[in-house]
Amino acid sequence: MYGRYTKDLGEYAKEEARKVKALERKRKKEDRLRNKELQKYRGKCASKVIAAFSFVWRHTFARLGEDWVFLALLGIIMAFISFLMDRGISICNQARIWLYKDLTTHPVVQYVAWISLPVFLILFSAGFVHIVAPQSIGSGIPEMKTILRGVALKEYLTFRTLIAKIVGLTATLGSGMPLGKEGPFVHIASITATLLSKLVTSFQGIYENESRNCEMLAAACAVGVASCFAAPIGGVLFSIEVTTVYFAVRNYWRGFFAAVCGATVFRLLAVWFQKEATVTAVYATSFTMDFPFDPQELIVFALIGVISGLGGSMYVWVHRQYVLFMRRNKKMTSFLQKNRFLYPGIVSLMVASVSFPLGFGQFMAGDL
């Protein structure tokens, strides 16, 4: 019995080795055909440029290892995406403030101007995402957990999903809704890593090897958070916490290296294009010792922490009950699916009304 299973295991290993060799031969053949097509359709000048680039690549970056170059490119690309999205969000916020302050001084007209842009952006985001790629709906973290566990989800890591995610997220955050982009950026970074491995010929081995592909996706999750807040260590810890059950030790350096590249380029772009004096933290802090805390205040701080923890637990419980109610209530779910713009329109209208500067908005502040 032992001999039979040993023999079967040996045959299985040989069969898998033959499959790997066949895939390698197929990839090399596709590369040769692709080079011939490039030479045929792009002309002699383009062929020389491609040949020169390939020569430089083989004798420079390829010697460093594909992983290093792949992760560095991933971090740089994500930094540019995050910076451009922040610029788009800033433009939307400035337009909203201009409509409120400079367009008119009548309170009713100011209220209409204050709520009109957020509602329009939310409705545009909902419609654009539904038409282009419904797979981009939501944060994307549950889907990435599923993919990293080996489940193949169709159309979740495509270029259409990337475009829908970027445009929809920019419009949503530009509307002023109290939402964050770290969750969706995990999905965006994973899509970017997948597309980069598919499009760049030198990295195709990453995409064809399922094990390496999952490792690069785990590193991409860290890049997503690091490109939002310029926090590479926090990005790696976040990717470990929310994406995978078992995180291989060898992926720590991959995630940290890519996160450092993304965070560094993200802050350098702010220096180059936003006229900042130097590289600073996204949210700078300044603690003075003029008025140190008294021992009595520590008890109050601890009480605030307990209340906040209970409030967070209550929020999770309420949200769970809401989700279960929506699942059980088929009529309500069907109604909202048929009227996709109703729910986001009502929510954005309520939030914009609460944050109106002449109302409760005067008691709210994002910066002090």
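Note: Cβ is positioned from N, Cα and C throughout, glycine not excepted.
Keep in mind that TrEMBL annotations are predicted by a computer and have not been checked by a curator.
Lifted from TrEMBL, the feature list:
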COILED    12-40  coiled coil
TRANSMEM  68-90  transmembrane segment
TRANSMEM  111-133  transmembrane segment
TRANSMEM  216-240  transmembrane segment
TRANSMEM  252-273  transmembrane segment
TRANSMEM  298-320  transmembrane segment
TRANSMEM  341-365  transmembrane segment
Which sequence-distant residues neighbour the transmembrane segment (111-133)? Criterion: at least 6 residues beyond either end, Cβ under 8 Å.
92, 95-96, 99-100, 103-104, 155, 158, 160-161, 163-165, 167-169, 171-172, 174-177, 340-341, 344-345, 347-349, 351-353, 356-358
Which stretch, 216-240, 252-273, 341-365, tops the Cβ pairs under 8 Å count with the transmembrane segment (68-90)?
252-273
What residues in the same chain, six or more past the boundaries of the transmembrane segment (216-240), come closer than 8 Å to it by Cβ-Cβ distance?
70-71, 74-75, 78-79, 81-82, 144, 147-148, 180-182, 185-190, 192-194, 197, 206, 247-248, 251-252, 254-256, 258-264, 266-267, 281-283
